[in-house]
Amino acid sequence: MQTIDFEKFSQYSKPGPRYTSYPTAVEFNENFNEESLKTAFFNHDNLKNPMPLSLYTHLPFCRSACYFCACSVIYTSLEEKKIRYISYLKKELALLKNAMDTNREVAQFHYGGGTPTFFSPIQLDEITQSIQEVFPNFSKDIEMSCEIDPRHFTKEHMQTLFDRGFNRLSFGVQDFDFEVQKAIHRIQPFEMVQESVKLARDYGIKSINFDLIYGLPNQTKEGFLKTLEWVLKLDPDRLAVFNYAHVPWVKKTMRKIDETLLPSLRDKLEILESLISFLEKANYQMIGMDHFAKSDNELYLALQKAELRRNFQGYTTKKFTQTIGIGVTSIGEGGDYYTQNYKDLHHYEKALDLGHLPVERGVALSQEDVLRKEVIMQMMSNLKLDYSKIEEKFSVDFKAHFKKELEKLKPYEEAGLLSFNSKGFEMTKTGGMLVRNMAMEFDAYLRGGEKHFSKTL
């Protein structure tokens, strides 16, 4: 990897999307409503070859706040809230059964949160059974994954997940340094995570992911490298190493973080440079902008073939799926639309009580949106772009259609961060760290001064 010129690199740090969707969630609007979603369901059900389904269920509850977290969560310790939520999930599932063909093949199944394992094993089993009764056609090679908080994970949880066919677990680790954990209000010793991982391995879980975050308060390069040494002892198959997005104007809990303890941009870049070098020496290959996988892992093999895809859950080898979002604040996607459920429980429940799908907002994509989405997702996933693939799919002359955008990439080429070739362009290893910046050049919605986004570095 090129050595980072920190002074020059700092100029690229500006607010920008992470492109888990395009158009991004800030473009979702209330013009996309329940009827819009029902129409989208009908259109997709009646395609000649309907896409497989990906089911995402949001389980929003947490016992206490982790100050770094930007997820949609509800803090509670009340058992009755969980019981009530399950009853409303069942109402939503019944409405989905009437609104779409739920007998289509299911290729992916994911529990996110919140803390999914804050629900008891019996409750998790009840939720899973309810979903499987409505969506019964699980593929033989289905990916079933669940986010795990090691502080709320028991053998009984693992037994339930195993019995229901889960084969992928993602552990929220963040950092093993106690001073960092204290600053972000999430104490979980190495031994706790070690015990959870051993439990998963004992049950034959073959795909284990760790979520790590750099840029947290009290972090240093030396401290984070020590965390990575501990990580290697647990031998995860994949790592997601996120740049901490400090957006206290969006997430109030982040205001509890002492900003004087946050590492500087230069410190963050040093951490990033060192972690990439460390992980690659340990045989973890960089995937896209923030994931790592062992060289024999399916993610890396898909990257070699330029077949990776990116969605709200990260990177996947599944080419195209229609995501059905279930639960409060969950997001669904169908290639030509996005939909999001109500973000607060009151409106979510009220819609269901009235017999309506709890759609708060979304967006129907124009043909131009679909084209730009494909370009941006190819860049975000594979760090390169083959013009011919876009031209064949959309019947466009890429260089003519994106003449202005390609001109805007020239400075990256001059800086040695990207190279053009006869087929298209490819980012260098260091340039891949700026993939968000480069993707922004193809975003037709950016208006400048995007303060609602986190910084790209």
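Glycine is treated like the rest: Cβ placed from N, Cα and C.
Remember, it's a predicted structure, so these values are computed and weren't measured experimentally.
Of the residues Ile331, Ile376, Ile390, Swiss-Prot puts just one in the S-adenosyl-L-methionine 1 site with Tyr56, Gly113, Glu147: Ile331. Within Asp45, Asp141, Asp211, the residue that Swiss-Prot lists together with Phe68, Gly114, Thr115, Gln174, Arg186, Ala245 for binding S-adenosyl-L-methionine 2 is Asp211. The binding-site residues recorded for this entry are Tyr56, Phe68, Gly113, Arg186, Ile331, and the Cα of Gly113 lies nearest to that of Cys62 ([4Fe-4S] cluster binding site).
Note: the Cα of Ile331 (S-adenosyl-L-methionine 1 binding site) and the Cα of Gly114 (S-adenosyl-L-methionine 2 binding site) are spaced 15 Å from each other. Cβ neighbour count for Ile331 (S-adenosyl-L-methionine 1 binding site) (all protein chains, 10 Å cutoff from its Cβ): 20. Measuring Cα to Cα from Ala245 (S-adenosyl-L-methionine 2 binding site), the binding-site residues that fall within 10 Å are Cys69, out of Tyr56, Cys66, Cys69, Gly113, Glu147.
With Cys66 ([4Fe-4S] cluster binding site) as the anchor, the candidate binding-site residues are Tyr56, Glu147, Arg186, Asp211, and the one with the nearest CA is Arg186. Within its own chain, Phe68 (S-adenosyl-L-methionine 2 binding site) has Gln174, Ile184, Arg186, Ile213, Leu216, Tyr244, Met254, Ile257 as residues 6 or more apart in sequence whose C-beta sits under 8 angstroms from its own. Here Gly114 (S-adenosyl-L-methionine 2 binding site) comes close to His58, Leu59, Pro60, Phe61, Cys62, Cys71, Ser72, Val73, Ile74: these same-chain residues lie at least six apart in sequence, with C-beta atoms under 8 angstroms from its C-beta.
A Cβ within 8 Å of the Cβ centre of Cys62, Cys66, Cys69, the residues given for [4Fe-4S] cluster, is found for these other residues of the same chain: Ser64, Ala65, Tyr67, Phe68, Cys71, Val73, Thr115, Arg186, Thr253.
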